[in-house]
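Participant: Before anything else, here's the structure in question.
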Amino acid sequence: MLRRASFVEVDTSSLRHNFHAAKNAIPKDAHIMAVVKANAYGVGALKASEVFLQEGAHYLGVATLDEALELRSCFPKTPILILGYSPNSNAQMLIDNNLTAMIFSLEQAGVFSQAALKSQKHLKVHLKIDTGMHRLGLEPNFKSIEMIKKIRALNGLEVEGIFTHLSNANANIKTHAKNQMKIFNAFLEQLLDQKIEFQYRHAYNSAGILSLCNNNENRFLNLYRPGIMLYGFYPSNEMKQSCQTILNNVVSLKAKIVQIKRVKKGEFVGYGKHFYTNEETLIGTLALGYADGLVRDLGNRIQVAINNQLAPLIGKVCMDQCFVKLDGIEAKEGDEVILFGDKSTKANDANEIAMLLNTIPYETISTLSKRLERVYV
């Protein structure tokens with residue numbers, strides 16, 4: 001039974017479909033690291049991970065220690081890589097929970113090594129290489145090769161993998177992504193010349209998987225990191241238009257009408273006088289607000305779906321509630337409202353909401369609050 005009159009509905013069959021879309025795009029002998037950071041982009045990390053592991057995911061990828069620990073409590077043996085930076089103070093937690101850390105410095109490798117030796121355990125690490133995003137990672141040069149040799153020589157560490165991240169693979173012109181892969185491949189070849197090999201080599205995110213798997217750029221890769229595509233969205237609108245792969249909608253934001261009232265002409269609805277009743281108006285209140293992830297500025301800007309009818313969202317969205325105009329709409333208290341979801345319901349999807357807000361669907365769905373229950377269908 002729902003504890004609130006608002007929730008996120010998650011289509012698990014679509015999660016499975018999208019996972020296999022990723023699986024079918026990569027080489028048959030390669031593995032998938034399902035990226036489930038940010039609560040699986042708002043879908044719910046535990047359930048999404050369960051689905052992906054059932055369908056054959058080999059690894060899980062997160063951004064933070066807390067995300068990794070949440071998963072470890074339910075999946076005691078699954079490999080979990082923390083893709084983001086792990087402070088030195090997290091070393092013992094990483095070791096005790098058999099997590100895999102990303103590193104890019106000899107200094108941190110030394111700290112992790114000492115902690116592992118003290119615990120009489122070992123810590124798996126993946127080396128991050130910066131091939132052109134200029135965010136985190138070692139530069140792909142001779143100095144880094146010498147550093148990698150020193151890191152590999154440290155006791156207590158298992159240098160399991162090496163990876164980079166593509167910054168612009170969702171563009172129509174793939175020059176930058178291909179240059180990044182050219183740099184990464186050249187660096188891997190230099191390492192091979194020094195007899196330095198890694199169990200896992202990865203670079204492709206959703207954009208790389210959807211657009212760069214038919215070339216030679218991925219010849220060294222054996223692990224792939226789908227993220228946004230697992231949740232039903234293409235990395236860009238340009239890719240949506242050109243991509244042959246079909247992705248299915250996963251996420252719907254829903255709420256129930258908790259009260260309907262008739263407001264007389266000449267009144268303001270909600271905070272700040274942002275909706276004025278030019279005539280007697282039927283108003284429905286929903287128990288859903290910006291603290292749940294429904295952006296405040298969507299008031300007076302979108303229509304929502306109620307019983308296969310479209311009704312305007314009016315006024316400014318409040319922290320915990322919002323309003324719909326119900327004149328001419330067949331609706332009653334307790335009826336379900338779709339704020340965004342599958343296009344077949346007549347509602348906007350999260351990508352359309354993102355475009356309206358000049359952002360991306362990653363943000364629209366990953367900011368859905370944990371105080372919203374996830375309902376899996």
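Quick reminder: no glycine exception, Cβ is built from N, Cα and C everywhere.
Below are the features I grabbed from Swiss-Prot:
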type     : residues       : note
MOD_RES  : Lys37          : N6-(pyridoxal phosphate)lysine
ACT_SITE : Lys37          : active site, proton acceptor
BINDING  : Arg135, Met319 : substrate binding site
ACT_SITE : Tyr271         : active site, proton acceptor
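Are these features on the surface or tucked inside, and what are their neighbours?
Facilitator: Lys37 (N6-(pyridoxal phosphate)lysine) carries a helical DSSP state (H, G or I). With a cut-off of 8 Å between CB atoms and residues at least 6 apart in sequence, the same chain places Gly61, Val62, Ala63, Thr64, Glu67, Leu83, Gly84, Gly227 near Lys37 (N6-(pyridoxal phosphate)lysine), listed in sequence order.
In the three-state DSSP scheme, Arg135 (substrate binding site) is classed as coil.
All protein chains included, Tyr271 (active site, proton acceptor) registers 13 other Cβ atoms within 10 Å of its own Cβ. Look at Tyr271 (active site, proton acceptor): DSSP puts it in a helix.
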Participant: Taking DSSP as the reference, which of helix, strand or coil describes Met319 (substrate binding site)?
Facilitator: coil
Participant: Tell me the Cβ neighbour count for Met319 (substrate binding site), meaning other Cβ atoms within 10 Å of its Cβ, over all protein chains shown.
Facilitator: 11
Participant: Just jot down the residues in the same chain as Arg135 (substrate binding site), at least 6 apart in sequence, with C-beta under 8 A of its C-beta; none if empty.
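Facilitator: Counting only residues 6 or more apart in sequence, the Cβ neighbours of Arg135 (substrate binding site) under 8 Å are His165, Ser167.
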